[in-house]
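Below: one structure, written as structure tokens.
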Amino acid sequence: MTGALLQVDGLTAGYGAAPVLHDVGLTVQPGEIVAVLGANGAGKTTLLRTLSGLVRSSRGRVVFDGADLAGTKVEHLVRRGIAHVPEGRGVVTELTVDENLRLGGLWRRDRADARKALDEVYELFPSLAQRRGFAGHQLSGGERQMLALGRALVGRPRLLLLDEPSLGLAPKVTGQIMALLRDLRERTGLAVLLVEQNVRSALSIADEGVVLALGRVVARNRASVLRDDADLRHAYLGF
Amino acid sequence: MDRFIYLTFDGLSRGLVYAAFALALVLIWRAARIVNFAQGSMAVAAVYVAYSVTNATGSYWLGFVVALLAGLLLGVLVERVVMRFVDHSSPLNGVVVALGLVLVLQGTLGIVYGNEYQPVETPFSRDAFEVGGIAMLSRYDLFVFAAVGTVVVVLTLLFTRTAVGLRMRAAAFAPDVSRLLGVSVGGMLTLGWALAAAVGSLAGMLVVPTELGVHPTAMDVVFVSAFTAAVVGGLDSPIGAVVGGLVVGLLLSYVSGYIDVTVAPMAILALLVLVLLGKPGGLFSSSKARVA
């Protein structure tokens, strides 16, 4: 387990007195896609928010690339190589497409590469290139998801924390986004911790799956094993 | 007609000062969702600092620059020492704390400088030029136009053309997302307060010499006009603040000139009530509903 990109052990966290997460553990290897699955309220979003420091943990350890993340400020996380695309897409709707994307690279010292990364995002999403000057609220749901994803990529992260990318999107668009994640992993070695309600699409691209129920890990296995485990699917994943 | 032209220029000159002051209110509202009721007292404090410097050195301009710097510093202090610790669960908390700050600042200034009006010199003549026998503008009016114009241009460029401006806007619209993208939201908030307080100080420097002089409460009436201007403009719109300031300035000038000076405050209140009844979001508001 020494080579893990992200190692989470015994993570307990929540809002106020009652924890939402209990003793959660998981591992993401470099270039691996790990799906976090579970019903509404299982604690999936809280898990991502705790990993990025938006929610404080009361116990447990988060180690990224060999360094303990305890005490790391939220705004410094992106400098470590972790990009969190929050639920509801996190596009700043008052800003234009171009401004949103530039925002993703403002922290970078290497201005030339930040510009290059931005151009690459426009190549990756031609529809965004056509809407550079549009405000975020003028975009469709799929375009917003692409914008949020593209904005994260401008920072050239090593780990992407992706919260419900398929939420409210047409199956075709969801399929495109999943294919894109797989493609990015192939090309750049980007690791993804993918929170999804859409279990089928998530398991279609994931290497590993972690199933959460009421804030606890109830299963952790290869994605192919989880796909074939009928009991588990019926009990926790609803299909 | 002569009178109308004179009153129009006078109104525009006053209106620009209100615009600057309203702009300061808008900057803080956008950054922190607080109506900074202490802005008037903060501006007066900066004017007093300028007054001391000018008296000691004989240089108006040194005092002017120091006032803007004092404004920046005061903005940083107010945000870092006071406002940062205000619980934002209710919008009223920030208002109450700001009003408390007014009492503290006015009391302190009264103790240090005394509670009498002290006349302040203008750097330029306030006598209006006459063109074809019609009094139009004074050199001081031109100075006000140039100063406020510069502020508007600089702020516009800052917010639309620079990385810091982009960070400030993002931090105000979406704090959590901005932090995830590496923006120091707290830093942007402090910067917003500093800028706003400096702009407020500029407005104070421009308006105080044209009235009774400097006094701990010298900006109270200006605050009411500028607050009206900001609300008329929609409170979160910089363009709205400028337009609102000009509308309020012209209204005050016409009402004072054609009816009576004593009616002017009522005209401001009437404008405020009309706008709130007809278009509660303000004339230039981007958001549909407003909390406070």
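Backbone N, Cα and C define each Cβ position, glycine as well.
Range annotated as transmembrane segment by TrEMBL, chosen from B:35-51, B:239-255: B:239-255. Nonlocal intrachain contacts for the transmembrane segment (B:180-208), taken as residues 6+ away from its ends with a CB within less than 8 angstroms of a stretch CB, comprise 14, 17-18, 20-21, 23-25, 27-28, 30-32, 36, 39-40, 42-44, 46-47, 50, 64, 67-76, 78-80, 83-84, 120, 143-144, 147-148, 151, 155, 164, 167-168, 170-172, 214, 218-219, 222, 226. Two recorded stretches are said to be in contact when at least 3 C-beta pairs lie under 8 angstroms, sequence spacing 6 or more; the transmembrane segment (B:12-29) and the transmembrane segment (B:214-232) meet this definition. Of the two recorded stretches, the transmembrane segment (B:214-232) does not lie close to the transmembrane segment (B:59-78), with fewer than three CB pairs under 8 Å once pairs fewer than 6 apart in sequence are set aside. Listed stretches B:59-78, B:90-113, B:142-159, B:261-278 were compared with the transmembrane segment (B:239-255); the greatest number of C-beta pairs under 8 angstroms is found for B:261-278.
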